[in-house]
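Annotation comment: Swiss-Prot describes Glu313, His314 as active site, proton acceptor. What Swiss-Prot lists as NAD(+) binding site is Tyr116, Gln177, Asn200, and the listing cites sequence analysis. What Swiss-Prot lists as substrate binding site is Ser223, Gln245, His248, His314, Asp347, Glu401, His406, and the listing cites sequence analysis. Positions annotated as Zn(2+) binding site by Swiss-Prot: Gln245, His248, Asp347, His406.
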Amino acid sequence: MIIDKTLFLKKYLNQSSLNEDLYPIVKDICENVRLHGDDALRNYNQQFDQVETCNLEVAYQTLENAYNRLDSDLREALQQSHARIQSYQESIKWTKQQGTSDCYELYHPLERVGVYVPGGKASYPSTVLMTVTLAKVAGVKNISVVTPPQLNGIPDIVLAACYIAGVDNVYQVGGAQSIAALAYGTETLPKVDKIVGPGNQFVAYAKKYLFGQVGIDQIAGPSEIALIIDDSADLDAIAYDVFAQAEHDELARTFVISEDEALLKQLEQKIQHILPQIERQSIVQASLNDNHFLIHVNNFSEACDLMNQIAPEHASIQTVSPHDYLNHVRYVGALFLGYYSPEVIGDYVAGPSHVLPTNQTARFTNGLSVNDFLTRHSVIDLSKDTFDTVELTARKLAHVEQLYNHEQSIEIRTSKEFNDDKN
């Protein structure tokens, strides 16, 4: 169905992507893990994943063995992806002292980080690379991965990615319970400073509940893409861009925006023609039934405005002049320009992390980067000469705020000199 911008904004845009009924369930899970530690984790593995886990931690040798079992072409693919991610993240890392000679900022890596790697419907070695590599470039001392247990063990491809990226520990536990374990620490899992990585609604709510106890990257909703297209776009490619997003899960959201209503109708027909032939059809069909939107706009300005209001995780511009949109599309997780920059390349190998804000949160937050694994603090290191130029201002402001001990803290330094060598 094709709808216009006004109807879309009124009826569909602000729908919540999270099920509020899950929040009390997640709270109970987290509290149970806090109180009962490893025993709770083993019970949840049995209850939710039907897997009995005597050992929650995966032996490190298992990672190397998994890597060695992989076909050489898969090892090469993982290594190329890792190399591109590493190179890009090194290029954007905050490393230099910023500021002036007497006021500046310093950066330090976090000590312990936990990474959630989804499992279940698919294996996600790419998530390992798109998170752990960033933490390693930042200089994080200890990186723990949690991922749901499986009857036949964690897939080799995921363990091999952990080996390549340099993970320190892997634990077979998933869901809200794994987030709680990393936040509180258990007999086996270490308490971490920050948790990153995408997951389902249970994972998202666990992060929300535990934020403050531990740092988080974001509270992620279902994956999403918004595309702006014109008659230069290849509709077969656009259809598969839609399918690629929709196959993540039934809640994944896809938006296609165009000034050309006839083109949107052609795309709708193309999607229906190809759909019976694709893999993972049932998941894609469910996503398209409830969360797929073809939106007609009147002009360039409306297209950009709508994209900024949707603020999607992924924005793709497939028009005759995609770079025209570069400074007008502002609030997106990542922006993909042109035919040869499909969103899927960003999922695996481009370089920026594929852990991105969803559900309009790109209007105020950013995708994961190496700098999310650094702390930043200001350093104030004044000489007496500089102090003498600013102390009166500080005293006046302290006085007007009636913070008289603040004022006295400055006053005492105007009457007593301290021998130093900064003058």
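The backbone N, Cα and C atoms fix where each Cβ goes, and this holds for glycine too.
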Return only the integer: C-alpha distance in Å from Ser223 (substrate binding site) to His314 (active site, proton acceptor).
8
Just the number: how many Å between the Cα atoms of Glu313 (active site, proton acceptor) and Asn200 (NAD(+) binding site)?
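On Cα coordinates alone, these residues lie 16 Å apart.
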Work through the recorded positions one by one (His248, His314, His406) and point out the residue whose CB has the fewest other CB atoms within 10 angstroms.
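Among the recorded positions His248, His314, His406, the lowest count of other Cβ atoms within 10 Å belongs to His406.
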Under DSSP, is Gln245 (substrate binding site) helix, strand or coil?
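For Gln245 (substrate binding site) - judged by DSSP and reduced to three states - the answer is helix.
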Whole-number Å distance between the CA of Gln245 (substrate binding site) and the CA of Gln177 (NAD(+) binding site)?
27
Tell me the coarse DSSP state (helix, strand, coil) of Asn200 (NAD(+) binding site).
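In the DSSP reduction, Asn200 (NAD(+) binding site) maps to coil.
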Can you tell me the three-state DSSP label for His314 (active site, proton acceptor)?
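Its secondary structure by DSSP: strand.
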In DSSP terms, helix, strand or coil for Tyr116 (NAD(+) binding site)?
strand
